[in-house]
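Structure record follows, encoded as C-alpha cells.
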C-alpha cells in the first residue's frame with residue numbers, strides 16, 4: 001500500500017507491487033474460497049455454457065441473414081450482397097468469463113456494414129425477431145442512452161445493441177479494438193461499440209485470466225451480498241468492479257485469487273479518492289472524441305470515485321457515484337480487509353466475507369419510497385423510471401447540511417395483497433439516513449421537504465415528457481425509525497443474524513398495508529407472514545407516527561409534503577412533523593384521466609396543489625395531534 005501511495009506521473013500508475021510466486025498456503029486458501037462460493041451458484045456448468053454458445057451461434061447466423069436480405073431490398077449489387085457479412089460480439093460478464101449459473105443475461109453487440117441504418121435495426125430486424133418461435137418477451141428501448149432490443153432467445157435473455165461501421169462489409173476477423181473502426185460514426189454507435197471494446201481491453205491488460213476471473217467472481221458475489229452492486233443506484237456496475245479487480249491483478253501478477261481478494265480490499269480501502277483508477281495511461285487519438293480528463297473538462301473534476309475505461313474514448317464508468325455511496329463502499333472495503341485478514345490468519349473462514357449486509361439494523365432513521373400504478377404494464381414502466389432517478393434523491397438528501405449519509409438499499413420490495421387492491425402494483429425502496437451530531441443541546445429542525453419534492457417533480461416531469469405518465473401512478477415517501485420497519489417488512493427480513501446463507505433471504509418480501517381515508521392515512525402491517533406482533537388495524541398509525549425523538553437526539557425532523565402549503569402550525573411549535581407524502585404530479589404534468597383529485601395527501605384542484613393534512617407529534621403528549629388545513633375538506 002505504501003508503493004500505491006507513490007504515484008508515477010499524473011495518474012498514479014505504478015509498477016507491480018509483488019512478483020512473489022504463490023505458496024502452498026495460498027493454494028489451500030484459494031480452494032477454500034472456491035468451495036465457499038459454490039453454494040451461491042456463481043459457476044456456470046458445461047451444459048449451460050454449451051446452450052449459450054449454441055444460442056449465440058444461431059443469433060449470429062440470424063443477423064447475417066437479415067443484413068443480406070436488407071442489402072437485396074436496397075438493390076445493392078449481388079457481388080456486394082453476398083459479402084456484406086455482419087457479426088455478433090459479446091461483452092460484459094459473459095465475455096469476461098464470469099457468467100453466473102442460470103440467472104444472468106448476455107450483453108451482445110450487432111455490428112453491421114454501412115448500408116444498414118439504426119432505423120432498420122429497430123424496425124425490420126425487430127419484426128424479423130417477432131416472427132421467430134424461439135424469441136419471447138421482445139421489447140425495444142430506442143430512446144435509451146444506449147438503445148437496445150431485449151428478448152429471450154431459446155430461453156436465454158439477450159440485451160442486443162447496434163452499431164454500423166463505415167465499411168461496405170463486416171468480415172468474420174474484424175477486430176473492434178482498432179480505433180479506426182470508430183471513424184465517421186455517430187455517438188450512439190460509439191457508445192454501443194464501447195462495451196465490447198472496453199471488455200476486450202480489460203482482458204488484454206490482465207496478466208493471468210484464470211486468477212482474474214476467479215477473483216472477479218468473488219468480488220462480484222461479495223458486492224451483491226453487501227448491497228453495493230448497482231450502477232443505476234450510484235454504486236458500481238459490473239464493468240467497474242472488473243476494472244478494479246484488473247488493477248489489482250496488474251499490481252500482483254503472480255498472486256492467486258485468495259491473495260488478490262485480500263489485496264483488493266487493502267488497496268481500495270486506502271485509495272486516495274478521487275484519484276482515478278486506470279489500467280493504462282490515457283492516450284491521444286486522431287479522432288478527437290471527448291475523453292475523461294479533469295485537466296481539460298471542468299465537469300470531470302466533480303467525479304468523486306473515477307474508474308476510467310481503458311479503451312478510447314476513455315470515460316468514467318462511475319459518474320453515478322455520490323459522496324454517500326462512495327462512503328458506504330469505502331466502509332465495506334474496510335470491513336472486507338478486516339475479514340480477509342482474519343481468514344488468511346486462520347481465524348475465520350471465507351463464508352464470513354459473503355455474509356449479507358443487515359441494512360435494516362444499520363441505521364436509526366429511514367425513508368421508505370413507494371412507487372405504485374394500477375396495471376402491471378404501467379408499473380413496469382413507472383418503477384423503471386423511478387429507480388433510474390433514486391440517485392437524484394440521494395444527491396438531494398446528502399446536500400442537506402444536517403445529513404452525512406443517505407444510503408439506498410438497491411433491492412426493491414413488493415407491496416402486499418391489501419395494498420395491491422388499493423394502489424395496484426407497488427414497489428418499495430428503503431434509504432437509511434445518518435444525521436450530523438449537533439454541537440449544542442439545542443433542538444434543530446431538519447427540513448427534507450425541498451430535496452424530496454424536487455425528486456418527485458423530476459420523476460413526474462420526465463414521465464410526462466416521455467408520455468408514460470398514467471392515471472394511478474404515484475410516488476410516496478415516508479419517514480420511519482428503525483423500530484417501525486416491521487410495519488413495512490416481514491420479520492424474516494429484519495431478523496439480525498450473524499450468519500445467513502443465500503437461501504435465507506426471500507426475494508418476495510411484502511410491503512406496507514395502508515388504509516386511506518379522506519383526511520389522512522393509517523398504516524398497518526402488510527407482511528405475508530402475518531407477523532403476530534403487528535396489529536392489523538388503524539392503531540398502527542399512532543405507532544408509526546410517534547417518532548420518540550429524545551433530548552439526546554438533537555435532530556428535529558420537519559418533513560412536509562408541500563413547502564408552500566399554509567399549515568395552521570408553526571415549525572417552532574413542532575417536535576416532529578411527518579407528512580412526507582408526495583403522491584401527485586407537479587403543476588404542468590398532464591395525466592390521461594387525471595382531471596379530478598390526485599390520491600392521498602395532495603389535491604390537484606384548479607391547477608394548484610393543496611396539502612390535505614399534516615400529522616404533528618406533541619412532545620408532551622403520548623399520542624400525536626392531527627392538524628388539518630381548511631382545504632382538507
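Every residue gets a Cβ built from N, Cα and C, even glycine.
In TrEMBL, the feature transmembrane segment is placed on 227-246, out of the ranges 187-206, 227-246, 247-266. There are 21 other Cβ atoms within 10 Å of the Cβ belonging to residue 238 (ATP binding site). Secondary structure of the domain 'Poly(A) polymerase central' (211-355) per DSSP (helix as H, G, I; strand as E, B; remaining residues coil): 72 helix, 6 strand, 67 coil. A simple way to gauge crowding: the CB of residue 220 (ATP binding site) has 21 other CB atoms within 10 angstroms, across all the protein chains here. When pLDDT values are averaged over the domain 'Poly(A) polymerase central' (211-355), the model yields 95. A C-beta separation below 8 Å, combined with a sequence spacing of at least six in one chain, links residue 159 (Mg(2+) 2 binding site) to 105, 106, 107, 108, 148, 149, 150. Within 10 Å of the C-beta of residue 105 (ATP binding site) we count 16 further C-beta atoms, all protein chains included.
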